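What TrEMBL records for this protein is below:
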- 178-188: compositional bias 'Basic residues' (COMPBIAS)
- 189-203: compositional bias 'Basic and acidic residues' (COMPBIAS)
- 262-275: compositional bias 'Polar residues' (COMPBIAS)
- 135-163: domain 'C3H1-type' (DOMAIN)
- 178-227: region 'Disordered' (REGION)
- 244-278: region 'Disordered' (REGION)
- 135-163: zinc finger (ZN_FING)
Amino acid sequence: QGNESQSRSVRTFFLELIRAKKPLVLHNGLIDLVFLYQCFYAHLPDNLGTFTADLSEMFPAGIYDTKYASEFETRFVASYLEYAYKKCKRENSKLKDSSSQHLTIEFCNYPPSMSQYIDYRHCSLEEEGHRMGGGKKMPVCEKFSAFGWCPKGVNCPESHNIDLIIDEDDRLLEEKRKKRKHKWKRRKNTEEPAKVFEEKSSVKDTALAQNGEEEPPPKQSCYKPAAASELADISEGRMLEENSMDVPTGVGSDHHSDTPKTEAQQSHSPPSQVGTHRAGFDAFMTGYIMAYVWMLKKGENRDSGAEPWLPDCHNKLYLSGKSVPLQIVKSLFSKSSKAHSQKMKLAWASE
């Protein structure tokens, strides 16, 4: 509101994005879409059905939420932005080492005149400061590990290092697999009746079977109940978690490389603080996750044609605490808003 000319230029740019008819990719994008619509498009409709109807027409090629993909497609233990990105990067590195189909990245070769506008961040598979001196592991902050956010912020004495968190998750997962394998062999050797085995099956095992995976359910659903004050902090933190306000990762620019390098190492900081929040870095991580998941699914079904990028994630927005997504569709019971209809006429009239 303070700079009307700048606001108009951004609104014009937003209309160009709509005219492009390209898929829109976000991470935990519901709040982002509300913000973009209200600030650069039109007043928000009063009805949710009207809002989703408008979005479905604004982005006919589809809207994709990489948090939803991380939860329901790749089945990661956690799905906040930096965790999902680093996990994808690790898994992609394993595929590359085994000469399997994998994702490769080619960065732009920017001219020297652009250097002042480009920021670099160290982004190896294992960041500096992953372990403390002498090889001693730092204790992981359980809250940050689960939610990607900690109420103590940079004052937290425990580690918020995503590499360390993923290491711990992988270790626990491997231990559980070994235990299950050991129990299965023991039961098989003793020829224990199937009925007894079924009676001993736990509720958690049932949940895992329903997921179709042997991985544990998301940490968010396993976290112990907190006190009222902590719940308020966590609830507030979830609004920030996917923007990586505390520990967003960085990315650099290394031509033809899958492991961007930095021009200068990060300065030493408290255990819980790494990197600096940048919208560009968050956008890169979001795009990387989308590309990795698309690559995996393309391997299963190569006949994509004119089909959506990821049919199982097409027009589905992640909803915190819900097992079902918000569908971006125009239902038979919803109409588009008048403001949206006018905007669409303006967009195509000025094409």
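Cβ atoms here come from the backbone N, Cα and C positions, even for glycine.
Give me the lay of the land around each of these features.
Residues in the compositional bias 'Basic residues' (178-188) partition by DSSP class (helix H, G, I; strand E, B; coil) as 11 helix, 0 strand, 0 coil.
Averaged across the domain 'C3H1-type' (135-163), the predicted model reaches a pLDDT of 87.
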Using DSSP, what is the helix/strand/coil residue split across the domain 'C3H1-type' (135-163)?
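Counting residues by DSSP class gives 12 helix, 2 strand, 15 coil.
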